[in-house]
Amino acid sequence: MTARVADASVAPAPLEATSALVPMLLVTFGTGVLDAATYLGLHGVFTANMTGNVIFIGLGVAGFETQVLLRAGLALAGFMVGAAVVGRVARGRPAQRGADAFASWTFVTVALVIGATAVLLSAIDLPVSGLDAVTVAISAAMGAQAVAARRIGVPDVPTVVVTAAIVGLSADHRWSGRTHDRAVLFRRAGAVAAMLVGALVGALLMRWHVGAGVGTSALILFAIGLHGVRVARRARRLPS
């Protein structure tokens, strides 16, 4: 009998990260809602999926899609600034996988920023320059969210992109001759499904207003952030 050996390149998720799987899948769902809403409602750029914006910038420089070149650049710059600021503030704060108070408070702060933009979009008919400012603000918030999610450290669920999950899900399936813990496949499939369903919901919410999708994303992230704060506080009270 030939033994089937699991791929050693994929380590099992730590228990703490596993406990955060559902919250991070919900954050991924919220990201899908947000990216669909902002793509459809803010001149065709993404506020979380920076891969798409990098492609748009390349197309714009080549003379195609020139109308989104500036806005894609603004979104990318905002995302990088948000990630850099939170990364700098987080320096020296040890990450706690699965129960990270800093990451959870970052989620809450990001949700408040995104919620404020949802109110602004719903209450005021913004000029083009105002929409560009909203794009930058939301993108910066999503850069901060990405750093916070990385601190929590759920494998295969970075919350802002699912390309790696799709690659792993396809390459490491049983027909490739590799065997994986079902939990690994569930994480990857869950991340892809969460983003897909989130994008569908975000597109449907555009039937009302762009602010509906943006606001929904903010509410989801706010709830997950508060949940994470409570979990982190309970973890600190437990004896070591």
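Keep in mind that glycine also has a Cβ here, set from the backbone N, Cα and C atoms.
According to TrEMBL, the transmembrane segment annotation covers 20-37 (among others).
Taken from TrEMBL, the feature transmembrane segment applies to 44-62 (among others).
For 68-90 (among others), the entry in TrEMBL reads transmembrane segment.
With a threshold of 8 Å between CB atoms, the same-chain residues lying at least 6 positions outside the transmembrane segment (102-124) that come near it are 27, 34, 41, 86, 90, 93, 95, 130, 134, 137-138, 140-142, 144-145, 147-149, 151-152, 209-212, 214-215, 217-219, 221-222, 224-229, 231-232. Under the heading transmembrane segment, TrEMBL lists 102-124 (among others).
What TrEMBL records for 185-206 (among others) is transmembrane segment. Distant neighbours of the transmembrane segment (185-206): 13, 21, 25-26, 28-37, 40-41, 154-157, 162, 165-166, 168-169, 172-173, 212-213, 216-217; these residues of the same chain sit at least 6 beyond its ends, with a Cβ under 8 Å from one of its Cβ atoms.
Summarising the annotation, TrEMBL assigns transmembrane segment to 212-232 (among others).
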Checklist entry - Is it true that the transmembrane segment (212-232) and the transmembrane segment (44-62) have 3 or more Cβ pairs under 8 Å, skipping pairs fewer than 6 apart in sequence? => result no
